[in-house]
Structure formats: C-alpha cells, structure tokens
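Enquirer: One structure coming up, written as structure tokens, with questions to follow.
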Ligand SMILES: *[C@@H]1O[C@H](CO)[C@@H](O)[C@H](O)[C@H]1NC(C)=O
Ligand SMILES: *[C@@H]1O[C@H](CO)[C@@H](O)[C@H](O)[C@H]1NC(C)=O
Ligand SMILES: *[C@@H]1O[C@H](CO)[C@@H](O)[C@H](O)[C@H]1NC(C)=O
C-alpha cells in the first residue's frame, strides 16, 4: 500500500511540476473559478479550499492529504453563505458519446476533496454543474486525476479514451435523506421488519408462558378439587365417544399451534436475550475448549484496535506523518496482533471445527478416542449449516452498509464515505460474497467490495477443505499430523519468496489468499488431532512440560508481533527516507515467513496444554470466565460491523480525522462500545433466529 502510494506521489509530482510552468492552466489562487449565482466574495474565497494545498501536500510527500476542506465552521456561521464539498468521480464516455459515471472508478478512496464556501443562492446542482464543467476541461486536473492516473485506473473496457475525471459538489445543508432512495428505504424496511418480528414474537412468547403458567396453576387447582367430587366422573365417561373425534381434531390443532409457536420461538427476543446470557459448556471428549472464548474475544478487540488506525487512514488522516511516527515507535505494538488476530480466528476455527468433527466420528463409532470411519455423510450437512448460519447475517450487514449506512454520517466527509469504492462496488459484486470468493478479487480482476470480508471467504474456503483433509486422520492419525506439518513447512517456505509475501512486500495481494494464510488453520487441525494422542496427554500431564510450552508459546507470539512491527518500521523508513534506510536486506522475507508460522505455533504451545490439562492457571481461568463466554458470541457480528462503525465515526466529524495516540484510544473506545452494542442487536434479531431456524430445518 505504501509502496503504491510512493509511486503515485512521484508520478503526480513529475506531472505537476512540469505543468506548473505553463501557469495559465492553473486556476487563480488554486481555486475553482465560479460565476453567476455562485460567484464568490473575497471572504467566501478565503473560507474555501484550494488546489494549492493539494499540490503542496504532494510536494511534501504527504500523499494522504488530497484535500483542502477550507473553513467549515466560519462558512456555516456567516450570513447568506453555505458550505459545500466537492467529490471526485470518473466519467466513462462510450464511443457513441454517451456518458456514465463509474461508481468504483475512484481508486484513491476519498480522492481529492475541496471545501467550497458559496452564496446561499448557489445550490448544489448549480455548483456541481460549474465544478464539473471546470474540472472536465482543466487540463491539469485531467493530468493529475483523470483516467489512467492511479486515482482513476479501474475503468470498464467499453470506455473510450475521451473518458475523464471530474468533481461534483454537494452542499451540507442540502444533504439527501435516505427516503429519496428506494433501495435504502427497502433495506430500512427489512431491518424494521426484523426488529418488529423479534419484539412481537417476544411479547407473544411472554403471553404464552404466562398463559401456560396460569393453565398449569388451574390444572393443579382442578386436581386438588378432583380429590373431592368422585360422583361426577361417571357422567363424563358417557360422553367419551363423541369426545374422541374432537380430541383428534384438537390434537391436529395443537400440532399446528406448536409448529407456529416454534417459529415464534425462533424470533422471541426475550428468549433469545435470556439464551444470550446463558453459557453452555461445550467441552466434549475430555478436551477443555472454554478458554477459547476469551482468546476469541481478545483477538477481536485487537482487530478493532488495529482497524481504528487502518480505516481512518483509508479516509485520510489530517496528519499522516504523526501516524507514521507512531507506527515506528514500539508504543504501537498493540496494532500488530490485530493483523495476526485473524490468524488466531483461523486457529480457533480449525481446532474447534476438527475437534467436533472427530467427536462426531467417535460418537458414531461408539468408541471415544478411536474412531475408524470419517463421518463423511455428515459433511454436506456441515457445509449447509455453516453456509446458512453465516450468510443471512453477512448479507444483511452488507446491504445495510452499502445502501443505508451511507446516509448516517453528516460531517464534511459524509460524501467521501458515500462514495467509498469499497462500498459502491458491492452494488455490482455482492454475489462474490454470497459465494465466498471475495478474496479472489485481484486475481480475477474484480473491484474490492467490503475489503474486510476477505476473512469470511478465506475461513469458508478452509472450512470446505478441512473435512476432506481430515479423512487422512481416520486412516492414520500420525500421517494426518505429518500432512499438516508438511503444509505448514511448504507455506512457510513460499513466504520467504518476496513475490508470495502475505504481509509486507511487493506481492501483498497474497494477504487474503487462503493458501497463503492457511498455516494457523493447519496448526488448529493438527492440535485437534494431537489432543487425542495418549503420548501427548502423557507429556502435558507433567507440569514442567506445560511450563516449557507456555514459555515457548509466549516468546513465539510476542516475537511474531514484534517482527510485524519491525517490518512496518522498515517499510515506513523506506518510504520516508528512501535509500538511507537501515533494515537488513531480505528482512521482509524473513518477517513474512516467521509471522505466518510463529503465531500459529505459539497459539498451539499455549492451547495444547490448556485444553488437555485440568489445571486451571490464572490465565486460563481468566480466559474461561463468563463475560468472555458471552462476549465471544458477538465476535462474528462484531467483525462484520466494526469497520462500518469506525468509518461512520470518522466521517461524521466536522473536519478530517486527526491522529494522536489519545484520539486513537478514544476512537477505539467509542468504536468498541458501539460495535458491541450493534453486534448484540444483530446477534439477537438476526443471527440467533436464523441459527434456530437452521437447527429446525436441518435437524
Ligand atoms: C438551484 O437553483 C437554480 C437557480 O438558481 C434553480 O433553477 C434550481 O431549481 C435549484 N435547484 C434545487 C435543487 O433547488
Ligand atoms: C465550461 O467551461 C468552459 C471553459 O472551461 C467555458 O468556456 C464554458 O462557458 C463553460 N460552460 C458552462 C455551461 O458553464
Ligand atoms: C483515441 O482513440 C481513437 C480511436 O478510438 C484514436 O484515433 C485517437 O488517436 C485516440 N486519442 C488519443 C489521445 O489517444
């Protein structure tokens, strides 16, 4: 990413300096000339942004600063003026001359943005027409941001070479409400329907439980009454024949009613909320997996922390140099477990999936610890259940993010969020997510949609492969562990090649590729097998072996995160200091290979003894506590929602995001609170009902 940015800067700088010589192409004061109702007074010009600052930012290598927002607060305070922002777009011109704006044509995310202070009479549409006409014909603008530059490189092949980059404008006090967008209204209706169903079913459930309680009380009171009148019984017996057919019909009605009540039960908000706080022990086959809940929750919190730097940076920090300085200091170490947190999820996913899969095999064989037949007939159902479990929640999150969430932020950068290619491309490419192939986007030449969903795709692909690999375990369990080991060694070896780099390096397109990130999953699969080996159980019954394992695991994990930090420091130094950078050559190769494996191995060293031994050390106890068990139910919904929440928080401000460590922590706190809150809603109203429905349908 940084390397790309550097290329962009160098190219732009060259172009700009060569063109600045021919000064008449350049607007006066670097500002877009406006006339008619939009003609600006000197004061209004003063409160508007200018291209000068963008040029200056580029010459200072501050390539994140492609904006000058002018003076939002002064402009909104002064009489008869209002504040508007321009936003960058790409226009495709076909051979027949017809034009079409390309929603994902802007590959610079928020691209160049100018804040413009104009007279009140100059509304968004008039301003937009003038700014568009100006930027379309300004040669300098086309040279810097037009088609073929890095900001507008993704164009469909049918666009002719007359296609161009442009700026439109949008005024703060004329923001569109989502009610004018039928897709957004539809998404809103679906969300309201989900919430309404949950509440109604909750009320119905409360009524039913109340009426059942009353009935059972009545019955018990009838029973006590029955002890007294014996004489009347005879009369009832005479009635019996006519009652019989009635009873059959009544039974059919009861069956129908109980079906209906089952459906109501899926959505019953009260029951679901009660279930949410109810923690079931899922320990099977002598293996303790409770502490995984704590691991999963903490990994998720790290992901949010890391993304609180990453996503605002996508929308440009006001002061990217501060961010870079922070990332170069060891104080930023907490950010790097975030990149590795996904590997933690993969590890947990692999371990739990395979552990339960073997447990099913053992149950079918009726022979704990010695299953000979893989439960192959079970596999299609596993796939189906997982697909049905993940997909509704994921698709709802996506349609919310793409069509509705864009109307939430009302800050000066609300348009930047609205126009994010990462969201806009989803309108075309949503089906990639439904098929769990979204991490193939660059290989297949698709634009990226909801970038962070790559994890869901990769995890699903690994899930598809795991039971097939697992067949080896049932034939020869040691051969299976050896196979996993071989897989790990091969991927680690590939990572020493720069072109396959998963984290940093020239070939970072391997960051989201399943086959390059599968190592922790393999470690998880291998560990799920190893916990069943009597020899392994013997070894970890000795406390010395356990402590050695904890020590090695901690060193591996801390060193993996530190290597990542060092790698980032090196990359930043390379960008900012050019040739005078001091990292050893081939450091990136080493770092990639080390990071993809050391983290998984470290996790294994901690998880193996923890899951085998009954001993409850302070760490394991802490990770197994109830709050973690509850919070870990939210990690799936939280993972999908948190980038949307972070970006809304950033774009809702009245200026560009600022980076200081303190602001970073407060942004993180706000994001984590809102994320857990929204994830709880999504969990109770969508995830749990669909999970219950799944259970009923695939039982
Ligand atoms: C904007 O102003 C122009 C004239 O100044 C007017 O014709 C047009 O209807 C206005 N557009 C909106 C959306 O108010
Ligand atoms: C568009 O811009 C050109 C020069 O850049 C100007 O001559 C022309 O009048 C403008 N057209 C409109 C409709 O404003
Ligand atoms: C644009 O494409 C046409 C043919 O489609 C070609 O004749 C023309 O030279 C091209 N113009 C430029 C500036 O490349």
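Every residue gets a Cβ built from N, Cα and C, even glycine.
Source: prediction; values computed, not measured.
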Enquirer: Labelled transmembrane segment by TrEMBL, one stretch among 222-244, 245-267, 268-290, 291-313. Can you tell me which?
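Expert: Of the candidate stretches, TrEMBL labels 291-313 as transmembrane segment.
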Enquirer: With the ranges 480-498, 499-517 to choose from, which does TrEMBL describe as transmembrane segment?
Expert: 480-498
Enquirer: Quick one: which of 387-408, 409-430 does TrEMBL have down as transmembrane segment?
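Expert: The range carrying the transmembrane segment annotation in TrEMBL is 387-408.
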Enquirer: Under 8 angstroms for C-beta pairs, at least 3 of them, ignoring pairs fewer than 6 apart in sequence. Is the transmembrane segment (291-313) in contact with the transmembrane segment (184-207) by that rule?
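Expert: Judged by the Cβ rule, the two regions do not touch, with the required three close pairs absent.
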Enquirer: Counting CB pairs under 8 Å, which listed stretch among 345-366, 387-408, 480-498, 518-535, 662-686 touches the transmembrane segment (591-610) the most?
Expert: 518-535
Enquirer: Have the transmembrane segment (452-475) and the transmembrane segment (184-207) got at least three CB pairs under 8 Å, pairs 6 or more apart in sequence?
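Expert: Per Cβ check, the transmembrane segment (452-475) does not touch the transmembrane segment (184-207).
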Enquirer: Averaged across the domain 'Acyltransferase 3' (291-677), what pLDDT does the model get? Just tell me the whole number, please.
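Expert: A mean pLDDT of 88 is what the predicted model shows over the domain 'Acyltransferase 3' (291-677).
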Enquirer: Is the transmembrane segment (345-366) in contact with the transmembrane segment (518-535), using three or more Cβ pairs under 8 angstroms as the rule and ignoring pairs under 6 apart in sequence?
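Expert: Stretch pair touches.
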Enquirer: Output the single range from 345-366, 480-498, 630-650, 662-686 maximising the number of Cβ pairs under 8 Å to the transmembrane segment (387-408).
Expert: 630-650
Enquirer: Report, as numbers and ranges, every residue of the chain located at least six residues beyond the transmembrane segment (662-686) whose Cβ falls under 8 Å of a Cβ in that stretch; write 'none' if there are none.
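Expert: Same-chain residues near the transmembrane segment (662-686) but 6 or more away: 194-195, 198, 267, 269, 272-273, 276, 301, 304-305, 307-309, 312, 326, 392-393, 396-397, 631, 633-635, 637-638, 640-642, 645-646, 649-650.
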Enquirer: Quickly jot the same-chain residues contacting the transmembrane segment (480-498) by Cβ under 8 Å, restricted to those at least six beyond its ends, or write none.
Expert: 469-470, 472-473, 505-507, 515-516, 518-519, 522-523, 525-526, 529-530, 588-590, 592-593, 596-597, 600
Enquirer: What residues elsewhere in the chain lie close to the transmembrane segment (630-650), defined as a C-beta under 8 angstroms and at least 6 residues from its ends?
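Expert: Contacts of the transmembrane segment (630-650) (Cβ under 8 Å, skipping residues fewer than 6 from its ends): 276-277, 279, 292-294, 296-297, 299-300, 303-304, 307-308, 311-312, 314-315, 390, 393-394, 397, 400-401, 405, 408-409, 413, 417, 420, 450-453, 455-456, 657, 667, 670-671, 674-676, 678-680, 682-683, 687.
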